[in-house]
């Protein structure tokens, strides 16, 4: 990511002299690469049924033709010296399933059992077919039932892993209602979902259904199958209603949660606080913070960031800075989110210089600005009519291939047009489209309406 | 993020959006320039703007002004010089509002 140019700094020298900021070699800042731990292989341990032959997957099957696949299998079996273990068979089936239809995969499995009687399919073999059938384009649950029946008739009862795989596959295909049907059916016949599956499904339902639909699912699961919502479920629900700005429902849910014998934890409080902050209700957010303290729930980085974000957003910069100090005293290190929230607040107040001072402080502490920081500053500079500085920052963003956000883009285009620099506004439009910051439509609509506004302003003699 | 923004744009003003991105049968003058018989208003704008850029038609003294070549003149009311600011409006003229 690019570095804020030194030339942006003279703008702040007047204020920063008073504060005497520490001198830091600039070229060392903003360049600190975040090294990710090479822990990626750990994921693979979780998927034991996909061993070596995976490499061949792409080339193994050129067509979905069943007879071809059967031939390949037979040749594999006849050439192999030692009988391959079950993982080989499973991944063979997996690679065929990834390109074929459910019926063909089932036929292949039958063929595999017939050619090699020593091979007895295990649970994960059927899970491969199950996942495939959940993703099949058939709008009914018929293929899913087919594979489940096959599994049961071979003496393997579906367990919680089965339920989980099916639910996740169905939800990822956007078939939440089918997932609900299947969960109910499996709970009735074989096995109830575990809390992770249940919560995952609730989360997906929140996205696809109205609130009442989600509640009726939860009620039914509790009344019929004795699967009760836990604290995580409630947090998901509260998050959902907070995102739709229904704070009254959120507060009711916190009450319900207490009635069920749960004690709200940090995550519940953070979520409710976020809800208030989005509605610019700084006072209520602070109220939640105090409530947390009273109940002995330790605030974390997210709590402080949310609080500072909310207070900055509703213009209570003094309080926001107070909490910044509280946060540091409590041993938390402010991150890019904290600083960007504060800068956002300062820019709203029209104090861009203050925001630039903060940028300096942020970099001095070794915290590099993110996309949002750049956009906030660009927005602030354009709003404060410091177009030249804004353009300089825009240049840096362009160099670092940093995406523009809607507000920053619109303000920059407008500021340029106001100065009669339409050609440069067009360039910004080009960058927004090229860098895929905005959709073509959004970028163009903004440009068009700004030019329309310019025409009007020119007619009234307000713009150049 | 993006689909949501897109969704918002559509729910905000579906007519305005369809007016911008719907494919429209082009009048013959425009058809010659674009090289297609159908395009959207947005597509047409992009085509004209990229044509201006690739052929360096902006006035070197004042980048805000486009000096039209013959091809461009044919679709922009025959003007010799066009301000970039009026480009969207000029293109809009080819896309009358009430269709169908």
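Cβ coordinates come from backbone N, Cα and C, glycine included.
Bear in mind that TrEMBL entries carry predicted annotations, made automatically and left uncurated.
Annotation comment: TrEMBL describes A:19-57 as region 'Disordered'.
Over the repeat 'PPR' (A:159-193), the average per-residue pLDDT in this prediction is 90. Residues or ranges marked as repeat 'PPR' in TrEMBL: A:159-193 (among others).
Among residues of the same chain six or more beyond the repeat 'PPR' (A:194-224), those with a C-beta under 8 A of the stretch's C-beta atoms are 160, 163-164, 167-168, 171, 174, 176-177, 179-180, 183-184, 187, 230, 232-233, 236-237, 240-241, 246, 249. What TrEMBL lists as repeat 'PPR' is A:194-224 (among others).
Taken from TrEMBL, the feature repeat 'PPR' applies to A:230-264 (among others).
The repeat 'PPR' annotation in TrEMBL covers A:265-299 (among others).
Taking Cβ pairs closer than 8 Å, the repeat 'PPR' (A:300-334) reaches residues 266, 269-270, 273-274, 276-278, 280-282, 285-286, 289, 292, 341-342, 344-346, 348-349, 362, 365, 367 in its own chain, all 6 or more past its ends. Taken from TrEMBL, the feature repeat 'PPR' covers A:300-334 (among others).
As annotated by TrEMBL, repeat 'PPR' applies to A:335-369 (among others).
The repeat 'PPR' feature in TrEMBL is assigned to A:370-404 (among others).
Per TrEMBL, repeat 'PPR' is recorded for A:405-439 (among others). Here the repeat 'PPR' (A:405-439) has, by DSSP, the following mix of helix, strand and coil residues: 26 helix, 0 strand, 9 coil.
Sequence-distant contacts of the repeat 'PPR' (A:159-193) (same chain, at least 6 residues past either end, Cβ-Cβ under 8 Å): 123, 126-127, 130-131, 134-135, 141, 144, 148, 151, 200-201, 204-205, 208-209, 217, 220-221, 224-227. Here the repeat 'PPR' (A:265-299) has Cβ contacts under 8 Å with residues 231, 234-235, 238-239, 241-243, 245, 247, 250-251, 254, 257, 306-307, 309-311, 313-314, 316, 319, 330 of the same chain, all six or more residues outside its ends.
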